[in-house]
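Participant: Copying in the features that Swiss-Prot gives for the protein in this structure:
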- 1-21: transit peptide (TRANSIT)
- K80: SUMO cross-link (CROSSLNK)
- W89, Y93, G204, D230, D256: S-adenosyl-L-methionine binding site (BINDING)
- 141-187: region 'Disordered' (REGION)
- 159-168: compositional bias 'Low complexity' (COMPBIAS)
Amino acid sequence: MNMIWRNSISCLRLGKVPHRYQSGYHPVAPLGSRILTDPAKVFEHNMWDHMQWSKEEEAAARKKVKENSAVRVLLEEQVKYEREASKYWDTFYKIHKNKFFKDRNWLLREFPEILPVDQKPEEKARESSWDHVKTSATNRFSRMHCPTVPDEKNHYEKSSGSSEGQSKTESDFSNLDSEKHKKGPMETGLFPGSNATFRILEVGCGAGNSVFPILNTLENSPESFLYCCDFASGAVELVKSHSSYRATQCFAFVHDVCDDGLPYPFPDGILDVILLVFVLSSIHPDRTLFI
């Protein structure tokens, strides 16, 4: 039986313990309690806990790894593929559009703490048993090159509420993305999501298979904002052109997180949650040090 690995990274903003955001609902089974006893039920959950490989399974895995490594890509081609990775992903999205990957509708069921729901007093006792699920990870994005913004402007209050207003908002922030984001750190207090009280960043958003399940849920949470980025410009364009994309609550931008010299379209220290879904496994180990 194949072992299903689970790798999730959620970085919570430091210094906000008195005002924690948590979801009001939980996964069907809490982390650590999904024990597979009946092999026929292997597909009932997205993952299983405490799985142990038999000697036969480990031997089979080593055999597969050896077979996979029998033919290696030439070093010069490795360098080329790494250097032009975004180009190849652009070609991929040009061919497949948003039809290749399925929406991750399971994401919020497995990780309800992503959602910005205030903790209710009557739920505190019940939530205490879930403390082992939650982490207070150190902000991995402390090197973001974006100055602290002294004065946040409520840009959305002026432009939301009509299709014309949303178009203007999207246009304004598209200009911000193309000009300020490329030239360097922001020189103005205006930035996407400046009026939000809860902010999520998804790294490696692709065609939006995590973005839109989250964004659809955030529709009833106007104080929340979702940032998403990808180093493939074709992927970002697919997200922006999607019918569910709302510039008043989401900002998609092109970014390579392995390049710590690139600025972000928002200031330091404002993120509550950072998602990297199937991202680290696609990056060369030597480059993960810059994330």
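Cβ atoms are placed via backbone N, Cα and C, with glycine included.
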Participant: Are there any residues in the same chain, six or more apart in sequence, whose C-beta is under 8 angstroms from the C-beta of Y93 (S-adenosyl-L-methionine binding site), and if so which?
Facilitator: G206, A207, A232, G234, A235, L238
Participant: Whose Cβ lies within 8 Å of the mean position of the Cβ atoms of W89, Y93, G204, D230, D256, the S-adenosyl-L-methionine site, other than those residues?
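Facilitator: Surrounding the site, in chain order, are S86, C205, G206, F231, A232, A235, V236.
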Participant: Enter the number of other CB atoms within 10 angstroms of the CB of G204 (S-adenosyl-L-methionine binding site).
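Facilitator: A count of 22.
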Participant: Tell me which residues of the chain lie with their Cβ under 8 angstroms from that of D230 (S-adenosyl-L-methionine binding site), as long as they are six or more apart in sequence?
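Facilitator: When sequence neighbours closer than 6 are ignored, D230 (S-adenosyl-L-methionine binding site) has W89, G204, C205, G206, V236, V239, A252, V254, H255 within Cβ distance under 8 Å.
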Participant: Could you tell me the C-alpha distance between K80 (SUMO cross-link) and D256 (S-adenosyl-L-methionine binding site) in angstrom, no decimals?
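Facilitator: Their Cα atoms are separated by 17 Å.
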Participant: Three-state secondary structure of Y93 (S-adenosyl-L-methionine binding site) from DSSP?
Facilitator: helix
